[in-house]
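Straight from TrEMBL, the features:
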SIGNAL    1-24  signal peptide
COMPBIAS  187-213  compositional bias 'Basic and acidic residues'
REGION    187-227  region 'Disordered'
DOMAIN    243-278  domain 'EF-hand'
DOMAIN    295-330  domain 'EF-hand'
REGION    399-469  region 'Disordered'
COMPBIAS  417-429  compositional bias 'Basic and acidic residues'
COMPBIAS  446-460  compositional bias 'Polar residues'
């Protein structure tokens, strides 16, 4: 059961098929003669990440579905094509209430996770002030029904099965494309580095590169993956058994690590470790570990294509035994490694270079536009700073004027000159005469006398109420008082 559970975590459809498989019994043990040891609770093996962005949701849904007895029984009687066509999903209506409730909760958590991702992406793109249409954005996630974010229904299971099937089928293809881009970028960087060197340095670098290529290609012969020679080598070196005693059925049970009666893709890839160690050493400069993983993927795909007759991405014991009787197993062709099969063509490399050049041009244009925007912003900032300075100076000037301002004096009456030879008796004030009552001739005469004496003149032409004539009158009167 735990073996099938681990595989469910890795590959949904294949796991569904294996949910009811019992643990395989090693053929070297006769259970009628050997006393069974006391059973201990089994711990599930570590789950294998499928690489799908909804891997956790996928595994949790399967974990709960396998706990329902009715669903397990229906699964046992459903073939792969019916599962792919969604017939198994209809059985969701008959699972227990507890399981349905938990599935509802899992779906709500997944929808909330997707909404959080959408919001985080929007924040990174600087769209904090833009309203988010979550329903529209959730459409891109085809593995769940976004129109019903609260409950897990038949359509959700059907979508999950179909999406996982499609995504897993495309997973290897995407990995190959990613590796191709990696190899082309590595070559691009090497060529760009050569452009920075002078003739002598470039020659040395090219010689070193060719030397590393030859050194990497100088390795022991690599056996054809899945062939008798390759499996016998594992039998001898990894299992410590005599190659003359090689038995395919025993070999299968020894390496069916989860005991579910099938080789899954991870178990197959583990068989190629000895072959890969002939080619790659992480301590060697000439060996690229990224290329090693690509080689492992190529080997696994090759064996799956030759052995997996029903294309369910599993190798059953029967399929394995049939393959061991084929000529390809007994007399295989030589295996061509990556250095003998360039990951890209010259046309693909040329297109890649053009794409990089266009990207660089776009980035340069974007950098130029951003610099222009920056310069414009700096210019506007300088203008704002200048305006701010002018406004500050104006405010300071107004404050100074306000602090120096004196209340206007009351209306000043012109006081006639005091005769110092005839002082005014105490208690008697001379009768003042309002300026408007003084004849114009008197003003004219007074101004003329003041001008002759070098004194300031009164200004009759200034409108009444202006402080200047009042001040002039004071200036005229005060000296006469002192005289």
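Even glycines carry a Cβ here, placed using N, Cα and C.
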Which bits of the chain, at least 6 residues beyond where the domain 'EF-hand' (295-330) starts or stops, bring a Cβ under 8 A of a Cβ in it? 11, 13-14, 17-18, 80, 168, 172, 175-176, 224-228, 248-249, 252, 261-265, 268-269, 272, 275-276, 279-280, 337-338
Count up the helix, strand and coil residues in the domain 'EF-hand' (295-330) according to DSSP, in that order. 24 helix, 2 strand, 10 coil
For the domain 'EF-hand' (243-278), report the average pLDDT of the model, please. 93
